[in-house]
Amino acid sequence: MSEKKDVRILAYESSCDETSTAVIKNGREIESLIVATQIKSHQRFGGVVPEVASRHHIEVVSQITKEALNEANCSWKDIDAIAVTYGPGLVGALLIGVSAAKAVSMATGIPLIGVDHIMGHIMAAQLKDEIEYPAIALQVSGGHTEIVLLKDPTHFEIIGDTRDDAAGEAYDKIGRVLGVNYPAGKTIDAWAHQGKDTFNFPRAMLEDDDYDFSFSGLKSAFINTCHHADQIHEKLNKYDLAASFQAAVIDVLAHKTIRAIKEYKPKTFIMGGGVAANQGLRDRMSEEIAKLPKADQPKVILPDLKLCGDNAAMIGAAAYNLYNGGQFADLTLNADPSLELPYAKSMLN
């Protein structure tokens, strides 16, 4: 009996301000991962400038394609599929990755796979450990805050979503008020561990029956508190401000996610997205799950910190599942900045 052939996927990610390529073997093993970051180019603007991001993607995408293949010690004949993020994200940024992947696919004849960016973030967990289904994912980033039910590797259902600002967006906006460079999440998290929750900021929708979120009221309360203090020349403790803000965010995220776990009884709990690197959130979710009855505790997979931000490895991991389900794209694939889950029908049942 012949051994099962290894599947290698060359993946592209360019949905925002990171240009990344990777070679992933069998959906689990990172043979190479290249990330060309643009953070310094955007810091002076306090956030991502779409036109600047697109120009940077153009400058590096060819070079990092070569680097990914070289680092993996691969040639084109070793690659079984080309994967690319085609949404959601910044349309100009997405187009660079999609165009590069389509060009490679057309030139080499290697099949093309379009991957949802959010599916990628969730599947970063697959690079750390095997996911047992059904699973619940808490996806928290600058653009999205969602609770997602995974019925299998390609069938995702959003059961909770943000009504306004995503959690990561709120971090960056309050970071600007505190004079923290973009992206602000890491600094706010560090400050929060040095302060106390003294400001009692609102926990919006905490007791609502659904699993949706709202962070615009928290953001406004934070900004108003700081502006009022400025007007009366009162100096506020930045560590306490950070701790109070983070406590409000984490309370809501943890409360709703644990309630979803109790209702859906998943075999695995996953976190994904940039805010999944937040140590306060990681600790809180692990603690809350440990409080559940032993029989109700799902397996917990928290992705490695380097895989919480945008990267092509997670896209390659997600693409492997689509590859196994025969879900390929053709050369009409286009960027879809408003792409939403669930978009892929399960073919693995």
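Don't overthink the numbers, they just go from 1 along the chain as shown.
For all residues, glycine too, the Cβ spot is worked out from N, Cα and C.
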Q: Would you identify which residue of ASP304, ASP310 Swiss-Prot lists as part of the Fe cation site it also attributes to HIS117, HIS121?
A: ASP310
Q. What does Swiss-Prot list, out of ASP129, ASP152, ASP161, ASP172, as binding the same substrate as GLN139, VAL140, SER141, GLY142, GLY143, GLY185, ASP189, ASN278?
A. ASP172
Q.
Quick check: which same-chain residues outside HIS117, HIS121, ASP310 lie with their CB within 8 A of the centre of the Fe cation site CB atoms?
A. GLU13, SER15, CYS16, THR85, GLY89, ILE118, GLY120, SER141, GLY272, GLY273, ASN311, MET314, ILE315
Q. Among the binding-site residues GLY143, GLY185, whose Cβ has the fewest other Cβ atoms within 10 Å?
A. GLY143
Q: Provide the three-state secondary structure of GLY143 (substrate binding site) computed with DSSP.
A: coil
**Q.** Other CB atoms within 10 A, centred on ASN278 (substrate binding site)
**A.** 27
